[in-house]
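Taken verbatim from Swiss-Prot:
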type: DISULFID; residues: C41-C171; note: disulfide bond
type: DISULFID; residues: C149-C213; note: disulfide bond
type: DISULFID; residues: C407-C419; note: disulfide bond
type: DISULFID; residues: C415-C430; note: disulfide bond
type: CARBOHYD; residues: N289; note: N-linked glycosylation site
type: CARBOHYD; residues: N454; note: N-linked glycosylation site
type: LIPID; residues: S459; note: GPI-anchor amidated serine
type: REGION; residues: 389-418; note: region 'Disordered'
type: REGION; residues: 435-459; note: region 'Disordered'
Amino acid sequence: MPSNQEARLFLAVLVLAQVLPILVDSAAEKGFKQAFWQPLCQVSEELDDQPKGALFTLQAAASKIQKMRDAALRASIYAEINHGTNRAKAAVIVANHYAMKADSGLEALKQTLSSQEVTATATASYLKGRIDEYLNLLLQTKESGTSGCMMDTSGTNTVTKAGGTIGGVPCKLQLSPIQPKRPAATYLGKAGYVGLTRQADAANNFHDNDAECRLASGHNTNGLGKSGQLSAAVTMAAGYVTVANSQTAVTVQALDALQEASGAAHQPWIDAWKAKKALTGAETAEFRNETAGIAGKTGVTKLVEEALLKKKDSEASEIQTELKKYFSGHENEQWTAIEKLISEQPVAQNLVGDNQPTKLGELEGNAKLTTILAYYRMETAGKFEVLTQKHKPAESQQQAAETEGSCNKKDQNECKSPCKWHNDAENKKCTLDKEEAKKVADETAKDGKTGNTNTTGSSNSFVISKTPLWLAVLLF
């Protein structure tokens, strides 16, 4: 007969045998409350906005480049209208600056910005697809209105999808039509993802206590296993959720403080985060107006050195002195003053149409401004042709008057037809070329017999008479 001690031990073993099957995680195999799935919906919705944000950013960049091109064209038009003045030279400097800024912006758009936005869109769309598929499985896995994988806030009832919401929470589970929209960063920040559950569920924080959900366990008791538990844990939602192959609650990956890595179980989350934080947008220096002094603006110093000073590596003081000739200073205020003159410059009414604005600052669009610029360039070309034709007789007469003696006095730069330079000569290197002198004399005689020349320039015809040269100059 067993002793009292043995009887008590036997009774304890019987009780333990009855209790052990219950001593599993009370959250295992149970449905998920709204506290768990709502943040996933919020991330999904924000990822859905990434293609819209990309379109918004790319269009903004293109618009800024177009504005720079328009500014360059307006300045060029102003220079043509005011041809021959220092204001025109200032406008050429302005035009060159904006043309170079436009090129810089276009290069940034092609080489950097477009690649960034496409990468961010691709990684965000992929991650969204993985999240949406998981949420869709949770939504559909239910036994009744009170037992399933996706439960309401209290865990009392399963939730349903209506339009673009689940249980009243915005959660479309699909991509929206792509329309430009300013990008947001509410749930996907610089450090990681904001608001997602990030700890094991030890106290039924996001698992319900009685709603069954086979997607929450890898065990064969009310889980994904059949005759036995799964061979290993299963990851879901692109590595965010890990379903154990035992009767324990799911665990989730902490995503609020990510590190750059490769090959991680939650790699899609890392890739989308990396791509998003790498975005520079259309606010970088290539797309912004410059507030530096005139010499510090893109392209200005190089143009002044090469076109005006004709001297590379010029001193800063030399460049500033040269700029003062055209801007009355070298600070940003003088630049702004020229831009104001350009903006207020009127153009011919026939170029823009009746009852349309005629000030340059009110005109935009590459096609319109290019046409206006072509008009004024043709007009300038016509005026220049008039002067060229007027100058020919005087030039011919000067050439015809050259003698051996006058040629002998010229240096190499002055020695021009009908004079001829002889490098090997010892003394008189510039001499009169008799054959060339005869040709000049014949041409001069021919010009003297011709009354006038009819030349067409721009849209106007100019009748060239043998009038004094000073009259032609008045055309400017």
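Each Cβ is built from the backbone N, Cα and C atoms, and glycine gets one as well.
Taking CA atoms as the reference points, C171 (disulfide bond) and C213 (disulfide bond) are 21 Å apart. In the three-state DSSP reading, C430 (disulfide bond) counts as strand. The recorded positions listed here (C41, C149, C213, N289, C407, C419) include C407, C419 as those with a Cα within 10 A of the Cα of C430 (disulfide bond).
Taken residue by residue with DSSP, C149 (disulfide bond) is part of neither helix nor strand, so it is coil. Between C415 (disulfide bond) and C407 (disulfide bond), the C-alpha separation comes to 7 Å. Geometry remark: N289 (N-linked glycosylation site) versus C41 (disulfide bond), CA distance 40 Å.
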